[in-house]
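Remarks on the structure that follows.
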Amino acid sequence: MDNSFIFDLPTHLPNETPKEPELASESQNRVPVNIETGKQNQIDHRDEDEEDNNDHEETLPKTNGTIYIQGTNISLQTEEDIEKWIEERKRNWPTNKNIELKRQQKQKQEEEQQQQQKDIKNAKSDNKKRMNEDESSNGPTKKQKSICRFYQLNKKCKFGNKCKNLHEEPTNENPVTLSYNELTHYRKSVNGIPILVPKLYSNRTENTSVKKSSLFKHLVTRDHMTNENEKVIEFIRYLNDQGLIDHDVMK
């Protein structure tokens, strides 16, 4: 059956103007919009790329046109720079020789550190030993024996050789006791120090120095001794008269 007549039927009322098909109008309107927006998008993308490139160029460091290899001060601009770069790479390349050299350097550094620590330790021990020696030399090595007082006074000791003290005369003699007259003084030791005690009632006229003196000196010396004795007797009588002498003690 032939249905072609359908396309000849009117699509609008008699009192209305005909309209174009919706699909055709949409397609006609969308095409130019898509073209224009596509071109606009391409222009926008180009502007964004140019801005990104400009920003990237601004962020790059200014090296005055010279670019250095990272981690080095070498710029490969000339043949000499390339040779230096190759030489440095060879020198730092981890070959067996370089590995052994680095190992030896590390071992040498460790040995030097150990030697320094050992020297410091030895120096401390030497100082401590020296201080101990000084203290031992300054301090008494052993307890010294004291001098026997009995031997000093009597020139003999009842313990004899078994005495714990030393039987010797003191070396620090008093200069006064080196020369004295036995008739006028006698020597005594007080706390280990020798002293001279005068004999008050000894006969000074028997002194050697007095024997050689004149007769007048003999008489004066005798009168002096007599007067001293009389003064002593008078003092004793005075004490007796005052009742200061206890006669019971003398019995």
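Each Cβ is built from the backbone N, Cα and C atoms, and glycine gets one as well.
Just so you know, TrEMBL annotations never went through curation; they're auto-generated.
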Quick one: sort out which of 142-170, 171-199 is the zinc finger according to TrEMBL. 142-170
When DSSP states are grouped into helix, strand and coil, how many residues of the compositional bias 'Basic and acidic residues' (99-111) land in each? 13 helix, 0 strand, 0 coil
What does the DSSP secondary structure composition of the region 'Disordered' (96-145) look like, as residue counts for helix, strand and coil? 43 helix, 0 strand, 7 coil
